[in-house]
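Annotated features, as they stand in TrEMBL:
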TRANSMEM  98-122  transmembrane segment
TRANSMEM  134-153  transmembrane segment
TRANSMEM  165-183  transmembrane segment
TRANSMEM  195-214  transmembrane segment
TRANSMEM  234-253  transmembrane segment
TRANSMEM  259-282  transmembrane segment
Amino acid sequence: MRRIDLVCKTVSPIFVGYLLTTPSPFVATVAISTWTTVSAVVEYILVSQIHRDIPALHTRAPYTPPSPPTAAPGESEQVEEEASVPVSFREYIHHKTFLITLSIGMLYINVLSFGGTMTSYLTMIGYSNSLLGIMKAVSGAMGVAGTYVEPLLSKRIGNVRTGLWSIWQLALTLSLVLIAIANKAHDMTLTTTSVLLFGGMAASRLGLWMFDLAESLILQEYTSSSHITSVTGWQYSMCNIFDLLQYVLTIVWSDPKVFVVPASISVGVVVAAAGVYTGFVWKDRGHLLHHIKLK
């Protein structure tokens, strides 16, 4: 599913970039509007089908999984124990996985991605839509590569250390992007700035998606089946809150000339997130690195 998501994010910038540069803005507007309308209809049909096929969605009453009809003595009690149990916010912040969910949430306070904010800034400082479309595609390809590298690395060093390596790789590569932004108008040539900027952005997608996958697997491994729904819900809520904060940064520092300020804050938060996850690793394993042999 992550690969499907990333492939769509890779193909769509190329398609949109072609529409914006080849036919005309009017054709691009019509094409995107038509595609969005068709997608909405298809999505509605699929959601309606799911609602129709799952009776439990037809009522607002809490759903309780039935006990197996052939359950052995004591087996029904086990099923009841594994049913979803709500987790309060106090319990969540004391949960073993709180630090890793906090670290993934903090990564959302980041304007250094090929989202609307960063794309608008790069357009204002002179980069063409066609170049940005190509770089979005390259970054998407790096993200897809991360979905292949993460399982291979996890087999050798485990999910926890894979997450440690990937989040620090993300922090280091985004630091290169910050250097390019901070020095664009000073002593760096345009070529050097572009290499650091786009190279760092593309490389950061590898670490980001590797960490995202590692964090998801660790969360499932360290959380009981009765708590996973609530813990995941708290994580999504926290990610949404942090995602809103990135827009607060660009509201406060809206002038493109001072974009380096929200960029610096973003890198600082990513480094802090890496520190939070490092704290989880230290607490969980008692050490950060030890000698391993990679075959």
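Heads up, residue numbers simply count up from 1 along the chain you see.
Even glycines carry a Cβ here, placed using N, Cα and C.
Using the rule of three or more Cβ pairs under 8 Å, pairs at least 6 apart in sequence, the transmembrane segment (234-253) is not in contact with the transmembrane segment (134-153).
Taking every listed stretch (134-153, 165-183, 195-214, 259-282) in turn, the largest tally of C-beta pairs under 8 A with the transmembrane segment (98-122) is reached by 259-282. Beyond the ends of the transmembrane segment (195-214), by six or more residues, the same chain brings 2, 6, 104, 107, 112-114, 135, 138-140, 142-147, 149-151, 153-154, 159-160, 162-163, 165-170, 173-177, 179-181, 188 to within a C-beta distance below 8 angstroms of the stretch.
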